[in-house]
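Below is one structure, written out as structure tokens; the observations come after it.
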């Protein structure tokens with residue numbers, strides 16, 4: 001069989017139908033020629049289509065690059081020329097926006113024509129588009145079309161607003177609205193917010209931990225759960241894990257606890273042996289805890305620091321022993337107590353601030369010697385309340401007990417970058433944190449009672465100048481937290497309040513979910529009263545008593561000894577009816593009657609003896625018969641006076657007066 005120049009695929013032979021086969025099978029159609037496909041033509045058509053699409057794409061890119069060059073050139077010319085009046089500048093800006101809009105429309109038309117085959121008619125040629133643009137440039141007398149000009153002006157205003165917000169980070173602070181959550185009457189010393197921003201947990205000096213659900217709360221702002229996980233110990237720190245399913249609780253005890261989202265205990269760290277000198281050989285802390293921190297990358301690992309001069313790493317799966325121990329030391333090698341600790345953003349560094357004013361940073365895998373050690377970061381003898389890493393991980397902020405806030409570069413840890421003073425603090429857990437964009441640093445100030453109001457101070461990271469302040473309440477600001485997803489600020493105060501600051505336009509969810517809900521009305525208690533059937537003509541035995549007042553019913557019940565449970569009066573006289581009489585009826589009365597009686601003998605012993613003198617004289621039996629012959633007459637010794645006895649005594653026995 002011969003083939004043509006083009007390759008063809010045939011489905012059957014080209015011979016005609018066989019009549020004998022058709023008669024045998026009962027139907028015709030055998031031997032028809034199958035459809036042929038020209039593969040080379042199909043490949044050629046596909047190649048041409050691809051080349052055409054590539055050419056249009058390149059032309060669109062060239063047009064876009066040309067427009068960008070024209071914009072840059074126009075901008076340079078405007079910068080070189082003197083500034084025109086406001087009206088002409090606005091007009092030129094509107095005309096340029098119109099040109100940009102028309103050019104973008106033409107490009108969109110070209111792209112739509114290339115992609116959509118159902119559109120009828122070709123797009124406008126470039127010459128006509130250029131003429132329309134030229135007429136718009138030359139016709140400065142008439143107004144421009146309203147829709148294009150308004151949209152362009154709005155876009156320019158939005159761009160200017162965005163540029164202003166980027167230049168001034170103060171405008172991003174969400175403080176236009178606030179809500180107040182009443183925790184109690186004592187200091188709110190701990191705040192925690194889960195990563196999604198759905199639940200807030202607060203702890204205070206009143207030993208209580210309260211859970212707040214923004215989605216479930218209404219305008220009454222009441223906590224849905226309250227508990228005391230550490231009994232009679234003040235809550236010092238609360239922190240959600242990175243997954244949000246566990247909460248780390250640190251109190252004044254030596255054992256940290258982990259609870260779940262509903263407040264049920266998951267694990268409790270073991271207490272170490274306080275009689276061992278080397279704290280690295282104990283299985284847990286032996287003194288009061290200060291603060292805690294979850295590992296940012298590893299699930300189930302957290303860190304605690306204590307008054308036993310150690311920083312310990314733990315795992316939730318192994319509560320019987322710590323994972324590793326860091327022992328802060330002074331430059332002389334002596335023990336020093338860490339007051340706060342934290343992980344870096346990548347979890348590779350462990351930072352701790354100590355009571356001698358030093359800040360020590362270890363590599364997480366090397367527990368012996370610190371990687372960085374600055375010995376005079378803050379005044380010795382003060383408690384550094386917080387250390388926090390920035391979101392980029394290069395800067396460390398420390399809130400000292402010497403009323404200062406300092407900024408450090410971890411890459412050059414030899415001196416502070418900036419230092420801000422006049423920030424009083426009275427609590428060992430005063431916070432500091434970074435804004436979500438890393439451009440601001442936030443901390444709170446403390447005040448004495450009745451001596452002013454606590455403030456939330458915002459400092460710019462580049463210059464460390466105070467750029468903004470918020471007066472919170474007539475008490476100290478202890479805790480502060482700026483959530484990056486919600487863009488809301490949570491503050492814990494010294495008078496038992498937890499405040500949430502937000503902006504409806506800049507914030508997401510959180511407090512915005514509960515402020516729009518109306519407060520639920522209290523449900524009235526439903527009481528079922530007995531239905532009375534009034535039948536005035538019924539017999540007295542079938543009549544129901546009428547309902548009386550409560551006072552009269554109580555008086556009647558009082559007279560009934562069974563309903564009033566009146567005690568039985570005491571039995572007078574001998575007992576009756578199975579009851580023993582009052583006299584001698586109890587054990588105490590029996591003892592008083594028979595044993596504790598007054599048995600004093602008032603008789604005269606001389607008279608009792610002389611009562612038998614006559615009988616003894618008439619009938620002597622014991623002594624008198626022995627002296628009847630030798631001494632028939634009784635003779636008694638003579639009584640000597642005391643003076644005679646004293647005279648007969650020797651001189652050395654006489655009493656000296």
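Placement of Cβ uses the backbone N, Cα and C atoms for every residue, glycine included.
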May I ask you to name which of 87, 237, 419, 641 Swiss-Prot has annotated as phosphoserine? 641
What range among 1-21, 22-42 does Swiss-Prot record as region 'Disordered'? 1-21
Which range of 501-542, 543-584 is region 'Disordered' in Swiss-Prot? It is 543-584
Averaged pLDDT score, the repeat 'WD 4' (333-372): 92
